[in-house]
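For 26-183, the entry in Swiss-Prot reads domain 'Helicase ATP-binding'. Positions annotated as ATP binding site by Swiss-Prot, on the basis of sequence analysis: GLY39, VAL40, THR41, GLY42, SER43, GLY44, LYS45, THR46. The motif 'Beta-hairpin' annotation in Swiss-Prot covers 92-115. Marked as domain 'Helicase C-terminal' by Swiss-Prot: 429-591. The feature domain 'UVR' is assigned by Swiss-Prot to 625-660, with sequence analysis given as support.
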Amino acid sequence: MASIFKIHSAYKPAGDQIKAIENIADSFQKGAEKVTLVGVTGSGKTFTMAQVIQNLGLPTLVLSHNKTLAAQLFREFKEFFPENAVEYFVSYYDYYQPEAYVPSSDTFIEKDSSINEEIDKLRLRATSSLLEREDVVIVSSVSCIYGLGSPEEYTNSVVALKTGDTIERDAVIRKLLHIQYNRNDIDFSRGNFRVRGDSIEIYPAYHTDGIRIEFFGDEIDSISRINPITAQTILKLEKTYIYPAKHFITSGPKVKVAIENIKAELEAQALFFRKNDKLLEAERIISRTNYDMEMLQEMGYCNGIENYSRHLTGRKAGERPACLIDYFQGEFLLIVDESHVTIPQIGGMFAGDKARKQTLVDFGFRLPSALDNRPLNFEEFETLTPKTLYVSATPADYEMEKSSKVVEQIIRPTGLLDPIVEVRSTKNQIEDLLVEIRKRIDVGERILITTLTKKMSEDLTDYYKEIGLQVAYLHSEVETLDRVAIIRDLRKGIYDVLIGINLLREGLDIPEVSLVAILDADKEGFLRNYKSLIQTVGRAARNVNGTAILYADKITDSMAKAIDETKRRRKIQEDHNLKFGITPLTIRKEVNDIIEREEKKRTSEDLVLEDVEKKFNSKKFPNKEVLKDKLREEMMKAAKELDFERAAILRDKMLSIQINDPSTEN
């Protein structure tokens with residue numbers, strides 16, 4: 001029987017991929033629930049995953065431990081499965097400060113957040129795809145275990161419209177309002193609809209095209225997909241389904257019942273506080289909850305509404321919330337990428353969330369039912385995901401013990417060997433590393449540097465910038481889509497060096513990187529243990545000149561183990577290449593945006609700076625003085641041509657170089 005998935009790739013399975021794909025698919029087809037793939041960096045684990053998905057023909061959830069790697073996997077699976085639905089589901093917050101209370105200083109911190117509209121659209125598209133079709137691959141972060149609206153309520157709220165249906169225009173408007181669309185006849189943007197005479201134009205929250213519904217009396221005369229900017233028809237449709245604009249949908253009757261239940265819980269909690277002489281807490285919970293209930297009655301919404309989700313969805317005390325996993329209908333496959341990191345992360349989410357909320361409950365800021373607005377605990381997660389493939393270069397004991405089959409993938413299809421590992425003294429490590437960096441830059445290769453602290457990363461970035469290197473610092477405060485852009489710019493050569501702490505280990509796929517430098521490699525701990533070292537060294541495994549330099553004054557047990565394992569794998573790979581006459585080749589991959597996003601309008605400043613970057617890339621000049629002279633020359637030329645805006649931007653660029661270099665005279 002033909003698979004519902006179809007891979008598009010110029011490559012065929014090679015190296016250890018052939019046996020790995022066969023063994024994994026065969027194990028699952030024979031009833032195995034847990035399988036582990038131990039695959040070295042650059043061995044094509046993602047391609048193996050795609051082949052397994054195609055062979056099994058099951059809807060698939062791919063779980064990654066951070067947004068950057070999830071975005072990279074999303075791009076790769078989209079390229080493998082262009083005819084299928086490949087979706088992206090991560091937290092839509094650019095910034096998130098959860099509600100919290102600090103008893104020691106009597107400080108209450110209000111919830112504060114900033115939502116990324118593009119990611120919100122992708123999340124909604126993911127759930128709509130799961131309801132529409134079976135050939136779906138969703139790449140997700142740990143966000144998939146957090147509470148989401150009930151799939152039953154979500155499905156029941158879908159507005160189905162068909163040409164020839166008899167329905168009043170106003171009835172369609174009411175349905176759209178119920179599923180959280182806003183009527184706005186002026187601003188036709190995502191999640192809004194407008195009414196123009198006998199037609200309604202809807203901009204679905206999960207799509208880039210609009211939908212026009214035209215009526216003739218009380219009958220739907222035509223349905224069209226339209227360009228949301230020009231309103232021109234793209235395609236005539238026989239029918240359409242409008243999915244809710246938000247995941248949390250609750251009907252009016254349910255809200256009334258929920259309010260009654262919340263008031264009953266409030267009464268019991270206030271009585272509990274009074275019995276324990278906690279009068280302040282009693283007054284606090286009464287005033288806060290009553291205010292929320294007034295807002296809910298009048299507006300159908302209140303700040304922190306998620307804290308009442310148990311009542312709004314009709315769950316029992318302690319019952320788990322619905323999450324993305326519940327939207328998978330029937331049998332599906334879970335792939336846990338970099339499982340040695342992702343599995344512990346899943347286990348830690350529940351405990352961290354409960355600790356914060358318990359304090360809010362104890363001091364009267366929230367009702368006890370707020371504790372049920374939570375991520376899944378680990379046991380619930382295991383129960384929901386019976387068919388699981390763990391993927392890692394360094395799987396933990398948990399995965400190995402749970403798996404009925406462990407498959408190794410050491411031989412790379414490209415014949416590439418594991419990197420050469422060198423250990424060097426920390427004495428003059430920055431200058432020594434600079435020499436190695438310049439060697440790589442001269443031949444168009446890239447460099448990753450990993451440090452132990454944020455301050456060291458920042459200082460090193462500043463130092464290398466001052467001496468003219470094109471360097472970027474990747475850290476946790478950089479927004480999700482901007483991290484993706486930095487990695488793309490490294491591949492394109494806008495940057496030569498990328499510096500980070502914990503973001504340069506698992507999964508980053510950058511074939512141009514030929515050198516990985518690990519500073520303070522002998523400082524045993526989370527970032528310098530065996531698994532971390534293996535993962536970090538592996539970042540150079542996609543380049544034929546791959547080298548890892550470990551700066552250390554002693555060889556720790558973790559270093560020795562990592563070096564020995566790298567040598568073991570390298571020997572197996574060398575023997576294989578010798579036997580079959582294979583010449584190693586650097587992986588060649590196109591440089592694309594990992595996540596396609598709507599093009600933002602660029603300002604004239606953006607365009608000028610881009611031009612400056614191309615013309616006056618600092619690495620082309622022997623020193624900063626020459627670079628400044630060139631910028632000054634260009635500035636005077638722009639002023640002479642009366643292009644004062646360009647001249648001002650060039651002046652600012654020139655001054656910024658002076659500011660960064662105090663030793664330079666004006």
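The backbone N, Cα and C atoms fix where each Cβ goes, and this holds for glycine too.
According to DSSP, GLY39 (ATP binding site) sits within a strand segment.
Here the motif 'Beta-hairpin' (92-115) is broken down by DSSP into helix, strand and coil counts: 3 helix, 15 strand, 6 coil. Burial estimate for the binding-site residues (THR41, SER43, THR46): highest at SER43, by number of other CB atoms within 10 Å.
Per DSSP, the secondary structure of the domain 'UVR' (625-660) breaks down as 33 helix, 0 strand, 3 coil. In sequence order, ARG412, THR414, LEU416, GLY538, ALA541, ARG542, ILE587 are the residues near GLY42 (ATP binding site), counting only same-chain partners six or more apart with C-beta under 8 A.
The domain 'Helicase C-terminal' (429-591) scores a mean pLDDT of 90 in the predicted structure.
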